[in-house]
């Protein structure tokens with residue numbers, strides 16, 4: 001046996017020991033590079049909208065749970081707002097309740113909103129909190145109704161009929177936030193816990209509203225003056241006309257991108273959510289690819305984040 005392959009009492013070879021040391025040195029270098037970022041975000045609140053492929057892929061969801069636990073461990077205060085569209089659709093199909101969508105929003109009657117609340121607040125919410133708990137942190141699942149977190153009203157939308165006349169759309173119990181009371185989030189975060197929020201709100205008369213998770217996350221990020229709103233999506237971020245990722249936009253540049261058509265389709269409401277978040281108090285918002293493992297850590301703790309950052313004025 002050559003010297004490079006000689007065995008040590010523990011059973012490893014010289015090559016094994018060298019590789020182990022190299023890997024350890026690489027990990028140490030990564031930690032050292034992250035130190036300035038750890039200092040930058042210590043004590044800050046980061047709101048994460050969790051959904052899309054990152055939520056249904058086991059490997060990505062487990063990595064997400066560990067990443068959020070790590071954020072809390074290093075002094076960041078994460079607040080998670082999750083979606084659950086596929087899980088809602090599956091339950092409605094199982095119950096033989098048909099779904100109708102208008103502009104990507106599920107028309108929600110009184111019976112359906114009960115099912116949606118059951119799935120979001122009762123099932124998905126606890127699954128997401130469980131991922132974080134399994135990673136060693138302490139997460140608590142709540143809905144927007146708890147502690148009066150999200151007060152909502154019926155979402156107002158209009159459309160034009162075949163004759164060109166504008167008419168109001170009745171989306172049922174689809175809501176939009178009118179007020180965010182973050183005290184329950186502060187109480188949980190201040191006690192060392194990680195809030196995990198199901199996007200369900202309560203109306204002035206006590207009625208329940210189904211709220212788009214992006215919209216809920218943006219409203220919460222603004223209300224808590226989050227340092228970052230991280231929007232996990234199934235796309236790399238905002239792309240230019242050539243298909244290249246745009247790493248950063250000012251709010252004005254983002255608005256011009258929408259007006260010019262560079263930002264189009266399903267990216268428009270995501271960018272508008274980011275704009276509303278930074279307008280109402282968040283320092284910056286990031287649309288990033290949740291299909292990339294450890295996307296949140298890469299965005300916060302490296303120079304080259306994997307998404308598009310939108311800053312306020």
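For all residues, glycine too, the Cβ spot is worked out from N, Cα and C.
For the substrate site, Swiss-Prot records 84, 85, 210, and the single candidate of 106, 167, 183 listed with them is 106. DSSP gives residue 84 (substrate binding site) a coil state; it is part of no helix or strand. Within the group of recorded positions (49, 106, 270), the Cβ with the highest number of other Cβ atoms inside 10 Å belongs to 49. Compared over the binding-site residues 84, 85, the count of CB atoms lying within 10 A of a residue's CB peaks at 84.
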